[in-house]
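What Swiss-Prot says about this protein:
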{"type": "MOD_RES", "residues": "SER13", "note": "phosphoserine"}
{"type": "BINDING", "residues": "26-33, 58-60, 97-100", "note": "ATP binding site"}
{"type": "ACT_SITE", "residues": "GLU98", "note": "active site, proton acceptor"}
{"type": "BINDING", "residues": "PHE128, VAL172, GLU173, VAL174, ILE175, GLY176, TYR181", "note": "substrate binding site"}
{"type": "BINDING", "residues": "CYS153, CYS156, CYS185, CYS188", "note": "Zn(2+) binding site"}
Amino acid sequence: MNYINLPTVLPGSPSKTRGQIQVILGPMFSGKSTELMRRVRRFQIAQNKCLVIKYAKDTRYSSSFSTHDRNTMDALPACLLRDVAQEALGAAVIGIDEGQFFPDIVEFCEVMANAGKTVIVAALDGTFQRKAFGSILNLVPLAESVVKLTAVCMECFREAAYTKRLGLEKEVEVIGGADKYHSVCRVCYFKKSSVQPAGPDNKENCPVLGQPGEASAVRKLFAPQQVLQHNSTN
């Protein structure tokens, strides 16, 4: 029987590993970090060299990368991703937690993916004001895979797509857990929290009305009924 000797690298096959960008988005408490950890561990089991990068200003769990339920994984802290570029080039798989905090997230991920790395990013897609968080959404058109997770509303237990701040801080970057934030649904997002002041100064969680007179018009609808009840009692 004659055997055919095939070349080790077939013609037309890539000469190096193809890189890719995977993005995991969602509100707080939606399991983004847990999903990032799960994906990285799959690559570790397959004997790939992995590096996880965490935001250095988040010191709640020391130097480890951690989920809210305290599952941990070794991580390299950084404030700018370019500061850990050399370490990243030595890994096949790069996981980035809290990607919304890194100002150079888009450039870093594109460079690493073009260098053949698998880059997995977990990040908030929106701020507590439901606005784009930093430049993270600019990563979406560059990514091969994008997933948006939902949480459970911590006020009514329905599906939650938003993050609601409980305190009065105005800064976008305020690190905290359930003591500072709730994952909420659309209805509960607009409900006033007991720690939030009512009035015109609290614009973060206020719905936008179609016409300026809508709010007063609603109150007028109930005026005749209130007058009738008052007359009947007299």
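Cβ coordinates come from backbone N, Cα and C, glycine included.
What Swiss-Prot annotates, mapped onto the structure for a quick look.
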{"residue": "GLY26", "record": "ATP binding site", "contacts (Cβ under 8 Å, 6+ apart)": "LYS32, LEU124, ASP125, LYS148, LEU149, THR150, ALA151, ALA161"}
{"residue": "SER30", "record": "ATP binding site", "contacts (Cβ under 8 Å, 6+ apart)": "LEU149, THR150, ALA151, ALA160, SER183"}
{"residue": "GLN100", "record": "ATP binding site", "contacts (Cβ under 8 Å, 6+ apart)": "ALA123, LEU124, ASP125, PHE133, GLY134, ILE136"}
{"residue": "CYS153", "record": "Zn(2+) binding site", "contacts (Cβ under 8 Å, 6+ apart)": "GLU159, ALA160, HIS182, SER183, VAL184, CYS185, CYS188"}
{"residue": "TYR181", "record": "substrate binding site", "contacts (Cβ under 8 Å, 6+ apart)": "MET28, PHE29, PHE128, THR163, LYS164, ARG165, LEU166"}
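Cα of GLU98 (ATP binding site) to Cα of CYS156 (Zn(2+) binding site): a distance of 26 Å. Separating the Cα atoms of ASP58 (ATP binding site) and CYS156 (Zn(2+) binding site) is a whole-number distance of 29 Å. Using a 10 Å Cβ-Cβ cutoff, ASP58 (ATP binding site) registers 15 neighbours. Summary of the Zn(2+) site environment: with the site residues CYS153, CYS156, CYS185, CYS188 set aside, the chain residues having Cβ atoms within 8 Å of the Cβ mean position are MET154, GLU155, PHE157, ARG158, ALA160, VAL184, ARG186, VAL187, TYR189. In the three-state DSSP classification, GLY26 (ATP binding site) falls within coil.
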